[in-house]
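Have a look at the structure below before the remarks.
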């Protein structure tokens, strides 16, 4: 049975496949390269090809993966609402307040969170985000006109809001900006290919896939020797300074997930692992002394793959009972 976390995440991501015109692939490029509007609805194609700004109303719980202007107007008291924003791995998301009509003194709420948060778990984790947690929340009722434009630090962000009075609401414009060196990423899809680069930067970067997957690392450059080390309680790569972690778990926060394997040294070839967890994370830890680079591909586990081992696979983890 799927966990509550997996159900929640898939409920959020299903907007990408079912909502009117918001579906876009992150990592699977072939269809998008051949026809950039192939995955969009016919109405939205006409709007975008004409250079118009895409506009629609927001739901209380919503998901956005496209630029445009979005309005929420309460038709009744709405006390527990959130909008999740997601972009390509190389996107940063900018949220501009165009119009806000809420009653802050009456208990209304409008907050942007830099990342995603579900059931108290955050992505990126506090260990991987450049800002302390308190600075990742931006409260409109506290900042008002001081900060009407907010940019995320990665390809995901979200808004929490609570509105008591019918007729009140807000309008936002969502834009995307290029991020030359994407660090923390949530994948929209259960399959794809990605290259993560950390150019002499002292930071930790996580790529999160909210599915059980087969993940294959085809190229790893860490600036030193070759090798592969399976994670053991008494050993690891922490003393090396630059390494890759593979993590698995049932929540959103990489710092609370189970460490499955460490890759401490550069190699060219193939290292594959089957991870049957609700969430799979590849995490790059960088000291800032090297240019670190890792290329990997992944696809969702199917039943046959859970039963068959491959010669170049290391031990499987997190398989649910069937």
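In case you wondered, yes, glycine gets a Cβ from its N, Cα and C as well.
Bear in mind that TrEMBL entries carry predicted annotations, made automatically and left uncurated.
The disulfide bond annotation in TrEMBL covers 60-81, 104-141, 183-205, 237-264, 277-318. Annotated domain 'Corticotropin-releasing factor binding protein N-terminal' per TrEMBL: 52-177, in sequence order. The domain 'Corticotropin-releasing factor binding protein C-terminal' annotation in TrEMBL covers 185-306. Feature annotation from TrEMBL assigns signal peptide to 1-21.
Overlay of TrEMBL annotations on the structure.
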residue: 60; record: disulfide bond; Cβ contacts under 8 Å, 6 or more apart: 72, 78, 80, 81
residue: 104; record: disulfide bond; Cβ contacts under 8 Å, 6 or more apart: 140, 141
residue: 183; record: disulfide bond; Cβ contacts under 8 Å, 6 or more apart: 124, 128, 153, 154, 196, 198, 203, 205
Neighbouring C-beta atoms (10 Å sphere around the C-beta of residue 205 (disulfide bond)): 23
Counting other Cβ atoms within 10 Å of each residue's Cβ, which of the disulfide-bonded residues 141, 264, 277 comes out lowest? 141
When you measure from the Cβ of residue 81 (disulfide bond), how many other Cβ atoms are you left with inside 10 Å? 19
Helix, strand, coil: count each for the residues of the domain 'Corticotropin-releasing factor binding protein C-terminal' (185-306), based on DSSP. 7 helix, 68 strand, 47 coil
Please compute the mean pLDDT of the model over the domain 'Corticotropin-releasing factor binding protein C-terminal' (185-306). 85
Quick check for the class: what is the C-alpha distance, in angstrom and rounded, between residue 264 (disulfide bond) and residue 277 (disulfide bond)? 23
Take the domain 'Corticotropin-releasing factor binding protein N-terminal' (52-177) and count its residues per DSSP category (helix H/G/I, strand E/B, coil), listing them in that order. 11 helix, 67 strand, 48 coil
Residue 277 (disulfide bond) to residue 237 (disulfide bond): how many Å between their Cα atoms? 22
